[in-house]
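**Q** Below is one structure. I have some questions about it.
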Amino acid sequence: MTEKAVRSNVDGKLADSSARLAGINVGGPARINPSGDFGLIGLAVMGQNLIMNIADHKFTIVAFNRTVAKVDRFLSNEAKDYPNIVGAHSMEEFVLKLKKPRRIMLLVMAGKPVDDFINALLPFVEKGDIIIDGGNSHFPDTTRRTKALAEKGIRFVGTGVSGGEEGARYGPSLMPGGNEEAWPYIKEIFQSVAAKSDGEPCCDWVGDEGAGHYVKMVHNGIEYGDMQLICEAYDIMKRGLGLSAKEMSDVFAEWNKGVLDSFLIEITRDVLNFDDDDGTPLVEKILDSAGQKGTGKWTAINALDLGMPVTLIGEAVFARCLSSLKQERGRASKVLAGPSPKFTGDKKEFLANLEQALYASKIISYAQGFMLIQNAAKEYKWKLNKPSIALMWRGGCIIRSVFLKDITSAYRKDPDLENLLFDDFFNKAIHNAQAGWRDVVSKSALWGVPTPAFSTALSWYDGYRTKDLPANLLQAQRDYFGAHTFKIKPEYANAKYPEGKDNHVNWTGRGGDVSASTYQA
């Protein structure tokens, strides 16, 4: 065979190989064979890892990226051993390689990029096809997209994805919501690739419209709270008890064997045990100015919009804001006086109290989170599955913990449970933890160690268990200066102050009897 013939033969084989990789029917007319069970757009680390996870479960997946060179790099490197990962070099080719109804997932930056990719897909998709947004989109955007695409016959799903890079690769927590007609077509893939807890997939249908992204938003808000509580426990041990990073690591290791067993406690143990090259703890060299991407803030804002006292998540967000004032805090530390921590007593006993304080505060955080979800369902007219939500968070996600198994059980036992604290298990747990919880919060205040999350959790608990709060005086004040009216307690109702009516009093004899209109902001 001549050199030219050999080169032609080699080139032909390479062309055939490339064609098969691209899904083109070799040997016949140039047409695309739709072989993809699922398509994913966005080849950042999360996208690549989720693609390989899906491929591991024997589904054929088509990959596309706006920068098409990234598709070739991915196929030649990370995905080189996966014959069921197929690349595409244009939006049209990507869509044509998918079986109908096409299942397309976007893992791109939230906001305008999601709308841009949806608009780019619309000329090529057909009625009945499914578009899934797996990014951290704000739930009102998902509600808008679900409604708009339904008018075009496209089934839209907004799904929360939690677990980071490792979760995406080996099993994330998935929280899908939107157009429920899509669920039967994506259920098998989603539940196959999701994390498993006691054999159950950490994925189920959440609810209508933006419900999936809403639940992910609340998940992230609870994550803010959990992390802040852990940081406060660290600060109390460091400044209050004078423990070293290694000693604190050992404490977290011990806590991870009990009721606090969770991913965040586990990684805190590891972080505190990690030394820099000079043999000193790296964590102590990290600038104490925390970043945030907005989902915790969204949760706090939505809680205010719905009038829900989700205080712990709010304090966790504000704690990050306060940490960002690093230079200003440095100046304040030189001019503002306060106590210096000085511990006397049994450290072992205090650490046991601190463990209970952390556990009780976590219970409050989740009670507040589910209270918010429950009220959102009423406000937005969503049908939400609370036992499934707790199950979805049991594995694969950042807030995964043994603790969530008990929440799942509580809502399975009573799906209409008004508050987690009314469940026998959590009611008993909060009462058992109360003495240690109060000891930690009071000592921290006397030491001058800030505990915004611990403190607000305890304050919320005391407010929630109080039959008569001082809001009666507040209403009287509002009526005094602004004629905002008040309602009378039923036991004091009479002809002058009828029950359930808005009453106004001329408190000074000079104000008159006209009242302001009443409304809830």
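Glycine is treated like the rest: Cβ placed from N, Cα and C.
Dumping what TrEMBL says about this protein:
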BINDING   G42, L43, A44, V45, M46, G47, N65, R66, T67, V108, M109, A110, N136  NADP(+) binding site
BINDING   N136, S162, G163, G164, H219, N220, Y224, K293, R320, R478, H484  substrate binding site
DOMAIN    212-508  domain '6-phosphogluconate dehydrogenase C-terminal'
ACT_SITE  K216  active site, proton acceptor
ACT_SITE  E223  active site, proton donor
**Q** Applying a 10 Å Cβ distance cut-off over all chains shown, what neighbour count does R320 (substrate binding site) have?
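**A** Other Cβ atoms within 10 Å of R320 (substrate binding site): 19.
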**Q** Between M46 (NADP(+) binding site) and G163 (substrate binding site), find the distance joining the two CA atoms and give it rounded to the nearest Å.
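**A** Rounded to the nearest whole number, the Cα-Cα distance is 10 Å.
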**Q** Could you measure between G163 (substrate binding site) and the residue listed as 'active site, proton acceptor' for me? Cα positions, answer in whole angstrom.
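**A** With distance taken Cα to Cα, the residue listed as 'active site, proton acceptor' is 11 Å from G163 (substrate binding site).
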**Q** Using a 10 Å radius around each Cβ and all protein chains in view, which of these recorded positions has the most neighbours: K216, H219, H484?
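**A** Most Cβ neighbours within 10 Å: K216.
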**Q** Could you give the maximum C-alpha to C-alpha distance in Å for the residues G42, L43, A44, V45, M46, G47, N65, R66, T67, V108, M109, A110, N136 that bind NADP(+) per the record?
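**A** Binding-site diameter by Cα atoms for NADP(+): 21 Å.
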**Q** Could you please provide the mean pLDDT value for the domain '6-phosphogluconate dehydrogenase C-terminal' (212-508)?
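**A** Mean pLDDT across the domain '6-phosphogluconate dehydrogenase C-terminal' (212-508) comes out at 94.
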